[in-house]
């Protein structure tokens, strides 16, 4: 989670922090419309109010009436959709398609109980075709429900091949295979077969489902960031001749309402950031609250996590400036003092710091303690030790990177990745989210943030973040003179070309996704809410950093505009 940095002559630089790279300005909260995104049409968009004639009182009353009308309509649509999910006379495959559309439109959080009831109910597999079997498999695993991949064996012929002519079935199979777990050879073979056939179909002008196939091969459904996918699919779904008008209307109303909520959250974050005044005092620091907020929406797309997004965006914004101290400004002796002060975590430790470090230390100290107070107030839990441990771990990681650069020696590949997960901000983010959400927290699992190794679900997501970060910014790192990146270290240790190193890293990411898929279905030690956050971190990483050229800044700027400012 990293942002762009100013150019300064340095004694050393460390690897950048990954929760942070991008938006260069925010002169006003509401920006011009983003031309690459089609505005969402709705009978009554909640994110913009039409001009109303009359005095302020009349306008206020009219606006209130419109909002009440929209709210009533929304409640009606929610009830109608719930009834459709609960109807006994609807074929199972139609319910699966409905669930798939609901979740892709970004409104699945309204129907979690009804969706789980459908997915856990008996399903007749006698006449099931490949499309339906793969859809059912994907939906079950996506929602954390166990299902065996052996259901696909019956679709193989005597040569062990699937039907190459069934494009719809192969597309569904390919999407399902992306939820495979390590050791599931059936799904690995299915992915290889389906991907090869689907890629060949793209060269056939009259091939069916050309657009859907191209999208799936670019980024499979399971790997897409929820809110961006909701926006994209709302526009696509409305063009389908058989779309459900009520479902589309509900999705648009909800999207506009969530966008208005995000704008309100951004207003609070930017107000806090300006009052904090950190970058006013530290002119070298990056000023990126908008992008920090984008990451929180990627990790926590559900509206109910509003306060968690706000607190996490604050933490990431401060982390960004600390990264700049280590990466572009601080002298080695000062960094040693700062690291020691973070370990001590008291105000007395701040006294020995240089002036420019004191304000940053105080901002971190106060903001973290405020989060701890809110958790104590809301849940009765004392979590300072847990949060503090992840901050100390991260700052020590920055210090380690500084030593690598200052000493002129590159680390080993595994050493770099393991340290880079921490300096990427992954564990700090998970700790804040886990305790701020507060679901399923026990004494036993709360200790997972005070000792190493961290849980596999967190380290796998963090490794994906680090690997995608390095893939997306390798050119920038090389030009900046960084001693280490995953690409460079793969090339050095494995004697690979840059292209070969990138391919190896992509294979590594695939393997880590299999680990995450296993955690989604089989991890019983952590609540599903935090496991989903881990998968969302991996998704957001790919969305932000996956590109063929160094186009990070424009892409992140586009995402911010599309999600928060384009109606």
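For all residues, glycine too, the Cβ spot is worked out from N, Cα and C.
Annotated features in Swiss-Prot:
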type: TRANSIT; residues: 1-63; note: transit peptide
type: REGION; residues: 48-75; note: region 'Disordered'
type: COMPBIAS; residues: 64-75; note: compositional bias 'Basic and acidic residues'
type: BINDING; residues: 286, 323, 327, 466, 469; note: (2E)-geranyl diphosphate binding site
type: BINDING; residues: 323, 327; note: Mn(2+) 2 binding site
type: BINDING; residues: 323, 327; note: Mn(2+) 1 binding site
type: MOTIF; residues: 323-327; note: motif 'DDXXD motif'
type: BINDING; residues: 469, 473, 477; note: Mn(2+) 3 binding site
DSSP helix, strand and coil counts for the motif 'DDXXD motif' (323-327)? 5 helix, 0 strand, 0 coil
How would DSSP class residue 286 ((2E)-geranyl diphosphate binding site) in three states? coil
Let me check the 10 A CB neighbour count of residue 286 ((2E)-geranyl diphosphate binding site). How many other CB atoms are there? 26
Taking each of the binding-site residues 469, 473 in turn and counting other Cβ atoms within 10 Å of its Cβ, which one has the fewest? 473
According to DSSP, folded down to helix, strand and coil, what is residue 469 ((2E)-geranyl diphosphate binding site)? helix
What's the CA to CA span in angstrom from residue 466 ((2E)-geranyl diphosphate binding site) over to residue 473 (Mn(2+) 3 binding site)? 11
Fill in the CA-CA distance, residue 327 ((2E)-geranyl diphosphate binding site) to residue 473 (Mn(2+) 3 binding site), as an integer in Å. 15
For residue 327 ((2E)-geranyl diphosphate binding site), the number of neighbouring Cβ atoms whose distance to its own Cβ is within 10 Å equals 27
